[in-house]
Amino acid sequence: MQNTISLPTPVSPIKHFIKKWGATIFVTLTVIVITIWQYSVDGRVTEAVLASTIRQSTPLVLGALCGLLGERSGVINIGIEGQMLLGAFVGFLVNVWTGNLLVAVFAAIFTGAIMGLLLAYMSVHLKMDQIIGGTVITTLAFGLTGYFYQVGLTTEGKLLPIPLGPLADIPLIGRAVFNNPPITYATFVLVILVHYVLFYTKWGLRTRAVGEHPRAADTLGVDVYKVRYINVIAGGAIAGLAGGFLTLEAVGSFERAMTNGRGFVALAVMLFGKYTPLGAWGAALLFGFANAMQTQLQFADIQVAHQFIGMLPYVLTIVILSGFVGRTRVPAADGVPYEKE
Amino acid sequence: MTEENLALEIRHVTKRFPGVLANDDVSFTLRKGEIHALLGENGAGKTTLMNVVYGLYTQDEGEFLIDNNVVEINGPSDAINYGIGMVHQHFMLVPVFSVTENMILGSEVTKGTSLDLRRARREILEISEAHGLEVDPDAIVENIPVGVQQRVEILKALYRKANILVLDEPTAVLTPQEAEDLFRVMRALTEKGVSIIFITHKLKEVLNVADRITVMRRGKVVGHTSPHETDQKGLAAMMVGREVLLEVKKAPAKPGDVVLEVANLTIEGERGLEVVKDISFEVRAGEILGIAGVQGNGQTELVEAITGLRSIDAGEIVLMGKKVPFENPRYLVENGMGHVPEDRHKHGLVLPYNLADNFVLCTYYQKPFAGQMLMRNHQAVFENAVGLIKRFDVRAPGADVPASTLSGGNQQKVIVGREFSRPLKVLVANQPTRGLDVGSIEYIHKEIVKMRDEGVGVVVISAEIDEILSLADRIAIMYRGKIVTTVDAKDATREQLGLWMAGVQPEAA
Ligand SMILES: Nc1ncnc2c1ncn2[C@@H]1O[C@H](COP(=O)(O)OP(=O)(O)OP(=O)(O)O)[C@@H](O)[C@H]1O
Ligand SMILES: [Mg+2]
């Protein structure tokens, strides 16, 4: 009987590698080629584009982190926009009152966390429809900020870039990467941190289990409700920080509805990044890059209506990401309230 | 009676669900180091009782004693701390996790802040070796066969050092060989002082391994016995409350035209391995082809391909003389194919839907279930459900309860009822009686034979040699993705089938 068993041939590892990383490598190379080409034409423009890429991507990737913490544990959060906006507003107000930027940043984070708590209460405890829960939060944020906002409030400035010594002088990337204000640096750290927590720690394992098969987690003594509460609250805090970025670091003041859809774009970024922090970062950077290029094109002398150029980053992102990035796997229990009995 | 050495005592537990009294004043004792079989019809309340013990449900009345002390169990983590381990009737595994990740979830080993997967992996291999339960710690659970998944479940409890082990129908998905291995593991465990509650519907197994037997019916304990006081017939009667026929009665088959033809079918599974290799067979109207084989030899993939759930890499499938378009379940449904799937949760039912909706999953868009305009005909849907619930003896409080609240065996009856009530030409039944009580098995076997006698071509896939032997007219044996041989059921013996299933090549005759 030995002669009849032929060993199966597995797919070659090269094929597997290309399938998994091909799209990422291709897009990255394209971006690098465009950048180098542009650098050879005009170095200063390139530096501006890169700096703008980072700036634009920061609130998006923070929003995406908020979204994926929730969804990895099974709670859909479409209230990111609202959490951001309220964080931005409260951060701004606290800055106006105290003049202390650090306190203001923590106020923004705290506000986001409270909104996270509200969402968790609605979706985990009350088992409300999570889409409605998220909408409640966004509507609430728009309503509150619109009502309490007074024109004419001014602040004592905003968070300023901190150059990281000689690193900031590296040509091309020095200014964009190593000369940023604190929340941007914090974002770099957060992306790595959340990635680490999600995929390499006990908490992350439990979070993913709860998002995939809460009952299995429950039978092993994992407190499904607690895991969901904490992740959603942590996500809210990160969204609050994104709001803080807008008022305390990027703009320096508050305007009505200033989040301008970033909370929703963040959701797309999260999806394109396949629910991983590093993936979301890549997607956010790509979007930021396309956006920065778009701004440059507006200055260039091209006979195309500026609305079309304005669309470019969105179109490009959709084409690249839907064309190259494979299927995203949504956590199995995403959006499903957990019933104990 | 003298003071007994009890590992667990359940006193007067009552548990109600809306409309159902699942446990009615149940008392139960488990001695140290014994294997105590818990028997009962589908829906008798066995799983519920165990879930209460394990802290997943809170009892309405009653209390527990562990080592003769009253304990409060408020959740699974309490149960785990008291040394209770449970292998659930339906897998509690995260499909996208690796075996290792599933094993450590909730009892993680860490190094600093990180998971120590390497150490966990080593520990798992140690336990798995110590108990002879072989698993690949790196495999992703959704890619491994159910039989191996079950092994992971058992290891999960052992990994948590359980000394009271609840096994809720662990052998339902195991082959006789695997079941034997499990019994060896169970006996070895009892020798180390582990006490085991063993739930099963297979009476032979009970007589084989149990020290004591408790029987439940409709939420109540109806009797205690032990293997030397009774036999299969006695147990069956005790469970069901009437005489049960343990053998299938059937006339010789009268095969007609070929209704299903599978030609040179080849399927690549995950990671590009060929899981089905160049398989060909045909099924005639009015015969039952049994496909016997140890779990994981390509039967799952073969059935998924035949029933349109999976794409194939070579070959063709011909239904009623027409080549079947691939991955098109609706074509198959409309052309007379019925399917009783292996995994009832994944492919058989929409668990959150009520029974009435589950009964019309294949036909909801047809008359009479689809009414005027875009409306549904609720009355027809419900009448259909009420009829089938009665005909197939589904134990449920009504047609409007979610399928998820039914006991495992009753869920299976819902699927069988849905499929058997459609006009069929071909019926593919994969493990059709898995998890059913003797009364229901008797009934479903009778229905399958009736289908055959009405001219349906039937394919029964089963890992139970007994089921294959008693149902099939012809038997094909599958091993490593191939059909090694096909024999007439009259000429087949248990022993010979067992050898072929284990990979011994048939003699060239
Ligand atoms: N979560 C629930 N909600 C409502 N009813 C339930 C729930 N779980 C079980 N039941 C009901 O309780 C009764 C007992 O079910 P249980 O699962 O304990 O039966 P069982 O003896 O394990 O049967 P089987 O052998 O088919 O697994 C059934 O009538 C079932 O419908
Ligand atoms: Mg059960």
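Each residue, glycine too, has its Cβ placed from N, Cα and C.
Curation plays no part in TrEMBL annotations; they are all automatic predictions.
Here is what TrEMBL records for this protein:
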type     : residues  : note
TRANSMEM : A:21-40   : transmembrane segment
TRANSMEM : A:101-124 : transmembrane segment
TRANSMEM : A:131-149 : transmembrane segment
TRANSMEM : A:183-201 : transmembrane segment
TRANSMEM : A:229-252 : transmembrane segment
TRANSMEM : A:264-287 : transmembrane segment
TRANSMEM : A:308-326 : transmembrane segment
Do any residues, 6 or more residues outside the transmembrane segment (A:101-124), come within under 8 Å Cβ-to-Cβ of it, and if so which ones?
66, 70, 75-77, 79, 82-84, 86-95, 130, 133-134, 136-137, 141, 156-159, 182-183, 225, 228-229, 232-244, 247-248, 337-338
Out of A:21-40, A:131-149, A:183-201, A:229-252, which stretch touches the transmembrane segment (A:264-287) the most, going by CB pairs under 8 Å?
A:183-201
Six or more residues beyond either end and a Cβ under 8 Å away: which residues meet both conditions relative to the transmembrane segment (A:131-149)?
76-83, 85-86, 88-89, 115, 118-119, 122-123, 254, 256-257, 263, 335
Cβ under 8 Å to the transmembrane segment (A:183-201), counting only same-chain residues 6 or more beyond its ends: which ones?
54-55, 58, 61-62, 65, 68-69, 72, 105, 159, 162, 207-208, 238, 241, 244-245, 248-249, 276-278, 280-281
